[in-house]
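Worksheet: the structure to be examined is printed underneath.
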Amino acid sequence: MATVKEKLMTPLTAGIKVPNNKISIVGVGQVGMASAISILGKGLCDELALVDVMEDRLKGEMMDLQHGSLFPHTHKIVADKDYAVTANSKIVVVTAGVRQQEGESRLNLVQRNVNVFKFIIPQIVKYSPNCTILVVSNPVDILTYVTWKLSGLPKHRVIGSGCNLDTARFRYLMSERLGIHPDSCHGWILGEHGDSSVAVWSGVNVAGVPLKELNPAMGTDKDSENWKEVHKQVVDSAYEVIKLKGYTNWAIGLSVANLCETILKDLYRVHSVSTLFKGMYGIENDVFLSLPSVLSAAGLTSVINPKLKDDEVAQLKKSAETLWNIQKDLQDL
């Protein structure tokens, strides 16, 4: 006896089994799920896969998203602890990792994350050898280096979310002072995603007008308007949000979706993301830091070479040295 489906439809051909724009997210914590909902909201993928070791949480998050399938334009939402579910991904977003314990050194934290990544990264590459990996887990610059080493992928296909969010925070805070939209404020945060990031005051402009020409002291201790405070707010913002609500997730989730959109739609937009820095600005170690970079469907296709002041270069070198002093002591890479 024919089923309702058989009575309803006459099949003409089999559907396409391989997704065109699949995104997988490793880790369904606060950041992973904020990334998922931001990606779904933009309608970026035809399949979204979630992976985590916490099976009940994973199934619950999958079901919760599936129940809203009427609203976004993503046809298929799947989840499993087995990485086979990520097969044929265009982008794999890594948000998984261990949290820092009270009194724990940064080196020890990174080493514990290395041990986690030693399982995760080979599984990603096994099932999606042609994917671009977007690392979001912190400390993101070092873990992007770890991912690059463990994956065997070319450097243009291993990208850290880096200072994309720092730059967004910077532009938002500038826009609040100037009373205009963040889109109309042009400025960049480079270097480490974190305390030693570098605000490139020499390049800050609105409508092509360099703000340094209007206020030569901008970004220095001599500035009566104290624009330097804007960068301090960028650095402190994550700590402040964590103090207030326990974690950050929405802004980084939106940042991840922004990066995925540029890659999947082959937009060739410029983002401040973490990439291999060796050979630039006199840095000779294998460190990943953020530079303005062109992203496309091929991954990170070009790096912009900003004209930096001597003090800005010195700050980048200091960032690189800080990261290398941790990386050089990592085991089993």
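The backbone N, Cα and C atoms fix where each Cβ goes, glycine too.
Keep in mind it's a predicted model, so treat the numbers as computed, not measured.
Straight from Swiss-Prot, the features:
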BINDING   29-57, Arg99, Asn138  NAD(+) binding site
BINDING   Arg106, Asn138, Arg169, Thr248  substrate binding site
ACT_SITE  His193  active site, proton acceptor
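Positions of the features from Swiss-Prot, shown on the structure.
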{"residue": "Gly29", "record": "NAD(+) binding site", "Cβ neighbours (10 Å)": "18"}
{"residue": "Gly41", "record": "NAD(+) binding site", "Cβ neighbours (10 Å)": "15"}
{"residue": "Cys45", "record": "NAD(+) binding site", "Cβ neighbours (10 Å)": "27"}
{"residue": "Val53", "record": "NAD(+) binding site", "Cβ neighbours (10 Å)": "14"}
{"residue": "Arg57", "record": "NAD(+) binding site", "Cβ neighbours (10 Å)": "15"}
{"residue": "Arg106", "record": "substrate binding site", "Cβ neighbours (10 Å)": "14"}
{"residue": "Asn138", "record": "substrate binding site", "Cβ neighbours (10 Å)": "22"}
{"residue": "Arg169", "record": "substrate binding site", "Cβ neighbours (10 Å)": "21"}
{"residue": "His193", "record": "active site, proton acceptor", "Cβ neighbours (10 Å)": "28"}
{"residue": "Thr248", "record": "substrate binding site", "Cβ neighbours (10 Å)": "19"}
Closest of the recorded positions to Ile37 (NAD(+) binding site), Cα to Cα, picking from Arg106, Arg169, His193, Thr248?
Thr248
Across the listed substrate-binding residues, Arg106, Asn138, Arg169, Thr248, what is the farthest Cα to Cα distance, given in whole Å?
25
Position of peak Cβ density within 10 Å, selected from the binding-site residues Met33, Ala49:
Ala49
Using DSSP reduced to three states, classify Thr248 (substrate binding site) as helix, strand or coil.
coil
Including all protein chains shown, what's the count of other C-beta atoms within 10 A of the C-beta of Ile37 (NAD(+) binding site)?
19
Nearest-integer angstrom distance between the alpha carbons (Cα) of Cys45 (NAD(+) binding site) and Arg169 (substrate binding site):
26
If you compare CA-to-CA distances from Arg169 (substrate binding site) to each of the binding-site residues Met33, Ala49, Val53, Arg57, which comes out shortest?
Met33
Spatially closest candidate among Arg106, Asn138, His193, Thr248, the listed recorded positions, to Val53 (NAD(+) binding site) (Cα to Cα):
Asn138
Cα distance (Å, whole number) from Gly29 (NAD(+) binding site) to Thr248 (substrate binding site):
11
How many Å separate the Cα atoms of Gly41 (NAD(+) binding site) and Arg106 (substrate binding site)?
35
